[in-house]
Amino acid sequence: MIDTLRLTAEQALGMLERREVSSAELHRAYLEAAAARDGEIHAYLRLVEDGEDGEGGGVPIALKDVISTKGVETTAGSRILAGYVPVFDATVAARCRAAGMPVIGKTNTDEFAMGSSTENSAYGPSHNPWDPARVPGGSGGGTAAAVSAGLAPWGLGSDTGGSIKQPSALCGNVGLRPTYGTVSRFGIVAFASSLDQIGPVAKTVRDVALLYSIIAGRDANDSTTVQLPEPVRLPEDERLDGLRIGIPKQVWELAGIEHGVRASFEAAVDLARGLGAEVGECDLPLSFAYGMACYYLIAPAEASSNLARYDGVRYGPRVEAATYREMVERTRDEGFGDEPKRRIMLGTYALSAGYYDAFYGQAQKVRTLLIREHRDALERFHVLATPTSPTVAFPLGDKASDPLAMYACDLLTIPSCLAGLPGLNVPSGLSQGLPVGLQLIGRQFGENTLFRTGHALERALGFDTVPARLRT
Amino acid sequence: MSWETVVGLEIHVQLKTRTKMFCRCPAGFGAGENTQTCPVCLGFPGALPVMNRTAVEWTIKLGLALGCAIAPRAVFARKNYFYPDLPKGYQISQYDMPSCTDGRMLVPMPEGELAVGIVRAHLEEDAAKTVHVGGHSGRIGGADYSLVDYNRGGTPLVEIVTAPDIRSAEEAKRFLQLLRQTVVELGISDAEMEKGTLRVDANVSVRPRGSDEMRTRCEIKNLNSFSYIARGIEAEAARQIEVWESGGEVRQETFDFDAGSGRLTPRRAKEEADDYRYFPEPDLVPVEPPAEMIERLRAELPEPPAARIVRLARALELERAAVLVTGGLDRLWEATVAAGADRLAAANVIANNLVGAGVDPGAVDAAELAKLVAARDRIPRQAFDEAIARAGDAGFAAAPYLAREAVSDASELDPLIDAVLAANPGQVAAFRGGKEGLLGFFVGQVMKETGGSANPRVVSDLVRAKLLA
């Protein structure tokens, strides 16, 4: 019997290499786990029962439903793509398949990856395995919940403003948002092109590093990708001597950081000091003052353009009407949920003639300043550390009617996303019985340093990634 | 009051790259509808554009040929609007940072050289082709249904915008002929108006001569031949002059030119102002051409057609020089003259006979052609025409045709001439009454009788002598 709740991808790989289990058997085990537990969690939008690459010899994987999979319906959590079956694989999906990894299923997401709780999915919310009355975070709540509930050893998410890091924090997983340009976006249903990144979610830092090594690297189909300057190194046990960690002093001035989150964070920082790291304070005044505003201009602006292709002409459901214009209007009205509509409207406004300079243009200038501010801080420090989410997982419905409260969930993850920098979530402990996440931000292409830091802390913290209520 | 026409042009040139602008689909014409498409050019979710480097190089090359400054950093932007021929909901086009700016093309005109400013030349992707079935006027409004062929969608286009430096339909036509020849000689486009690989919109306004004000301009679209361009501009200028002179005011409008009727029909006014919400395309990196590339492209440029017209005009009259150059005939002409042919005769034979026979000037041996030009009046018309028609064949030699001497013997021609004169007493009387232009008619009749084998100059002399006798 395979204990999918505890099995890490690295362990699964060991079992495959020792021929104790086949890739197909592993795939079957996760499908059975999903049959048993996904009714409660709703991590998956659809399972891939007959994975054509089931014999591939690799560790099975869950893919967020914004990742195009050839022959498997891909909806991005939206009604407007219901029934859409891609004729091609996203580059990351192709790289997983090339590594022989069967796809377990497509995981739930906020519609077009817009949200922080996965309640915006047109196909119903996902639930947090630690407490099904609470959200798993978003927009990648499906992938995070699947890993946390043992329905997948690892998975891929997409992160625009925190959609890998934040749900990883809320579900007690390790999640990496890589440096912009290191992982191909080809085949990813676009939200905000200059911010979207694909990244791994797993139980351990080593698993995340391993999956990152499989998906990263230049892709001829995505001009914004680059070759990694150095190979991915799987972190070994070591101390953190010589490592300088910076903590932005603005973090504590932010409203809404829960006491338990702060306590967990401070304990983790003390632990890092004990491992030999040098901890200091850094200053990111603009990032925390203007990061959110900047993000909520740039992301919706790009989204308004990226979502224009869903017009009912070539694919997806079409609402018939008397004229072309009416057909497009009704198709989009019925196909998009409230959050995409809200962002399309915001973005259209921000880009419109007469407002461009005041909004989008200004936001791009602020973004340049944020990039500079982060670069300066990261000249003094190897990594920056903050809590990942100001709060632990909140009850379903708590913020559903208050968009601004929902947007505030990504307060801490957004600035480094705007700066294009890599970020890693590592579970730092529990508060109210729910996971708390530690965010480590690295230099551009500094993934190996993040892995080293995260791995050392993970070992020292000894966090049990299996939700308490599922432990037997 | 005397009026002056002011014209600025927008020209779209379809590049003949092997593949489309942002994907690897073939960019050619003629394939079955929607067979040359892929997820990228159909705008499927997740598809990303990848720049066609050849198209970028060719745009820069054209810019250099037009004397433009080449941007060290050009940026693609998204131009957002909804239309079924636009699969992504936006067109990718260079907007505020185009590859080429501030150029100038000199256009030799009889009155002197006209300098036409090139405001910009930028690279963009073409939209797909739509056919609106049913309803009225072939437009989407009121159509029963619409069909879209995405084969053309995503093919590379260069848009060239001129300053309003053109003052007449003639100037516009000559400028476009030169531009077309430049593009063809660069090898970057077939630039054929009837195939839509060269498309021209004209912005026309008028003003009192001597004034330098800019009055309201109107745009004319669908000008698909050089003569329609001239006629469209003339018709629009005349319309505007009439409006101003009758005390009215020209409103900014867009017209379609219907070549059949020669009429301008206004396009249905848009329901609302366009707002394309341009912003830099985040899926592409900026174009930053290395200096070596620009220098290499500059070194590859042929001698500009305008300069060649000026050079030829020292030996021929300007119009003839322009016809040779814009027809791509001047190199053959120069070689033929160098081989000993008379300048004017060579120009006439090349521009009229050779072109009329559909011979590829590039395939003609100039030395052989020079022999034909020299013998033009000596050999039978038929032999000459046959020789011209075959002049482009591989290994063509003039000798066999030159051997067929024309009939110049008066004793053979006299009876034929007498018969022709006798059969046309009315024309004979008219000629003798002063209509000397009828000489050609009689010569033609005699030539016909001889089956083209007579020497026309000898016939002409004999006919004239008999008529004046």
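Keep in mind that glycine also has a Cβ here, set from the backbone N, Cα and C atoms.
Automatic prediction, not curation, is the source of TrEMBL annotations.
The domain 'Amidase' feature in TrEMBL is assigned to A:46-450.
The number of other CB atoms found within 10 A of the CB of A:LYS64 (active site, charge relay system), across every protein chain shown, is 33. Residues annotated as active site, charge relay system in TrEMBL: A:LYS64 (among others).
The feature region 'Disordered' is assigned by TrEMBL to A:115-142.
In three-state terms derived from DSSP, A:SER139 (active site, charge relay system) belongs to neither a helical nor a strand segment and is classed as coil. Annotation source TrEMBL lists active site, charge relay system at A:SER139 (among others).
Packing around A:SER163 (active site, acyl-ester intermediate) is summarised by its Cβ count: 36 other Cβ atoms lie within 10 angstroms of its Cβ, all protein chains included. Among the features that TrEMBL reports, active site, acyl-ester intermediate is placed at A:SER163.
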Number of Cβ atoms other than its own within 10 Å, given for A:SER139 (active site, charge relay system): 36
Rounded inter-Cα distance in Å - A:SER163 (active site, acyl-ester intermediate), A:LYS64 (active site, charge relay system): 11
Integer Cα-Cα distance in angstrom, A:LYS64 (active site, charge relay system) to A:SER139 (active site, charge relay system): 9
Predicted model, mean pLDDT over the domain 'Amidase' (A:46-450): 96
